[in-house]
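Structure first, commentary second.
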Amino acid sequence: MKVSIIGSTGRVGRATALCLAEEEAVKTLHLISRRESLEQNIGEVLDMSDALAAKGVSVKLENSADIENVHGSRIVVITAGVPRTADMDRDDLAFQNGVIVAEYARQIARFAPDSIILVVTNPVDVMTYVALKYSGFHPSRVFGLGNHLDSLRLKNYMARHFNVHVSEVHTRVIGQHGPYMVPLISSTSIGGIPIEHYARRDYFSGYRRFDLKKTIEKVINAGSNIISRKGATEYGPAFAISNIVTTILNDERRILTVSTLMEGEIDGIRDVCLGVPVKLGKNGIEGVVPVLMDRDERETFREAASHVRNSTMKVMEFLDEELPL
């Protein structure tokens, strides 16, 4: 199947391209850049071709600066946008990136009307809403990377703390991809044992030293921490994107936490895009999976909805003047 990446010369776009090129389900990978970055885009394809040959991988690689070449794509990944700096809040990007995402969403709807759109551009929850409205697609076919990467980060930190394999940690982060993210600690388990039991029994000596508040702060600040040291996040987002894309192409029906339009499924929240667990299959989102939250988690989730909704309304009002629907 064909997958297109818009913004393929950016650091996340490049890393994502290499990840997806190695996936058997991806038969054609089309990399789209701005016209002024076309030479770099060509170079990326040539370099990637050599790498894939060394691994014995055969995939058709294409590149262009023309958005109409998304035609025939099963999935279009939008990574294009102004990158975030370490001292910049994701919401600071909203107005600039809103214009970029809105324009691309319109063109995707025109040239690839049957495709699925995966939004990566930050602030991802707001940009997912923008892409949804400007594409006119059904919500099942437009969603964002959301809290999938945040969930993986939390799993990783907890696995390292308790010295267990990451697959033994079952946890999830929902809400906003940002300060209002909600780690669902109340339903977290390690090796099938609810984490709350670790406080009552000596399963692992590390439990009493586990600082939940610091761990949550670590997840929230993970992106900024990486950006301040190397200038951008690349590999984490790329592999998380690859998880989502291959889940769809292989019709795996996995439950992943992505940013999607809320329509009352959780706590009656509507008309805002938030990270929640969904079942993903070949046609996109097959349904939102209900979650159990304690009182504090529910309160933070509602705060996330309020914050993201306010940010989204401001961006949509701005876009209504710049790019009327």
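Even glycines carry a Cβ here, placed using N, Cα and C.
Listed features, source Swiss-Prot:
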BINDING   GLY7, SER8, THR9, GLY10, ARG11, VAL12, GLY13, ASN97, VAL120, THR121, ASN122  NADP(+) binding site
BINDING   ARG84, ARG90, ASN122, ARG153  substrate binding site
ACT_SITE  HIS177  active site, proton acceptor
Self-check item: Sparsest-packed of the listed binding-site residues (THR9, ASN122) - C-beta count within 10 angstroms
Solution: THR9
Self-check item: For NADP(+): widest Cα to Cα gap among GLY7, SER8, THR9, GLY10, ARG11, VAL12, GLY13, ASN97, VAL120, THR121, ASN122 in Å
Solution: 16
Quiz item: What's the CA-CA gap between ARG84 (substrate binding site) and GLY7 (NADP(+) binding site) in angstrom, rounded?
Solution: 15
Practice problem: Using all protein chains shown, find which of the recorded positions ARG11, ARG84, ARG153, HIS177 scores highest when you count other CB atoms within 10 A of its CB. | Solution: HIS177
Quiz item: So how many other Cβ atoms are close to VAL120 (NADP(+) binding site), meaning within 10 Å of its Cβ?
Solution: 29
Quiz prompt | Where THR9 (NADP(+) binding site) falls in three-state DSSP terms | solution = coil
Quiz prompt | Euclidean distance between Cα atoms of ASN122 (NADP(+) binding site) and HIS177 (active site, proton acceptor), Å | solution = 9
Quiz item: Do you know offhand how many angstrom separate ARG153 (substrate binding site) and GLY7 (NADP(+) binding site) by C-alpha?
Solution: 24
Quiz item: Going along the chain, which residues six or more apart from GLY7 (NADP(+) binding site) have their CB under 8 A from its CB?
Solution: GLY13, ILE32, SER33, ILE78, THR79, ALA80, GLY81, THR121
Quiz prompt | Three-class DSSP secondary structure - ARG153 (substrate binding site) | solution = helix
